[in-house]
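Per Swiss-Prot, the features are as follows:
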- Y71: site 'May play an important role in coenzyme binding' (SITE)
- H79: site 'May play an important role in coenzyme binding' (SITE)
- K97: site 'May play an important role in coenzyme binding' (SITE)
- Y180: site 'May play an important role in catalytic activity' (SITE)
Amino acid sequence: MATKWGICSAGKISNDFVVALSTLPAVDHQVVAIAARDLEKAKNFAQNHNIPKAYGSYEELAKDPDIDVIYVGAIHPVHRDVVLMCLQNGKNILCEKPLAMNAAQVQELIATARKFNVFLMEAFWSRFFPVYEEIRALLSQKAIGDVKFIRAEFGVEIYKVPRAVEKELGGGALLDIGCYCVQFVTMVFNGERPESVTAKGFLHETGVDESMSLILQYSGKRQAVLSSTIMATLPNQAAICGTKGIIQIPSDMWSPTSIIVNGKERKFDIPHTTKPMNFSNGTGMSYEAEHVRQCLLKGLKESPIMSLADSEMVASIMDEALQQLGVTYP
């Protein structure tokens, strides 16, 4: 039986997610409905991707009995309300990062998912890439000894994009792209809470963070330094440094196709498509989609790889950082 997907929002990320699904066997994954707040947009999206049903409201999607799981690709300020409504209608959910605007909202969504006994996962697609699987394997084998230091950065010049700077649209570097660095550290340190979070950065004229660096201090004198910006393109690398070696992601740390372990590089292929995509390596979203399918087949209510506890931890670290910079959202 195929996993039947409903798609919430007809934006760029939803396009790439549906294209990524098309690289998987059609006997396993089917998109049965798309919803947008503009029915015409939904109809156009449906036509482009051969989706049978198009809705002009998210509520209709939440109530559709044919759907097994909903992918929420809407902008982050609406995540809480949309996910809440879908969960209350008994729908399993894969929601784009950040899961919500703050840790309190994340906790509310987790509690609701448990109350209605449905699956919920934050779509940190990075964690399901072969490179990330390899990193987890290397860490569990203690291949680089004890981890002492982590560095990660994600910066792209998107300050002219309204979504990246407008407060009402959930703009700012940390929530949009810096979150990938926070989840990276959270994965490496197995969801451990840092002993301290120190944030330094600059605010945009709109009041969101345009550039930010975080220092996270962990027990046992372990440290992580994370940087994110919407003002310039960074090398976008990551490194995990241990007592016996180093693991490096040379580029695109959020969607990597290669890894360097103690100076030796290994490359990994990702699914190929001829269809137009908006984001680099976007077909890699197929990994998280297949993971969700496997979780549902096993009757799981959360992912063992991207746990709800990790989502809560990432949100609480970002809360602390934004508070230190004086960023508040409506």
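Quick reminder: no glycine exception, Cβ is built from N, Cα and C everywhere.
Cα spacing between H79 (site 'May play an important role in coenzyme binding') and K97 (site 'May play an important role in coenzyme binding'): 9 Å, rounded to the nearest whole number.
Geometry remark: Y71 (site 'May play an important role in coenzyme binding') versus K97 (site 'May play an important role in coenzyme binding'), CA distance 11 Å. Taking Cβ-Cβ distances under 8 Å and a sequence gap of 6 or more within the same chain, the neighbours of Y180 (site 'May play an important role in catalytic activity') are K97, F124, S126, A152, F154, M253, W254. Look at the Cβ of each of the recorded sites H79, K97 and count the other Cβ atoms within 10 Å; the largest number goes with H79. Counting every protein chain shown, the number of other Cβ atoms lying within 10 Å of the Cβ of Y71 (site 'May play an important role in coenzyme binding') is 25. Under DSSP, H79 (site 'May play an important role in coenzyme binding') is assigned to a helix (H, G or I) in the three-state scheme.
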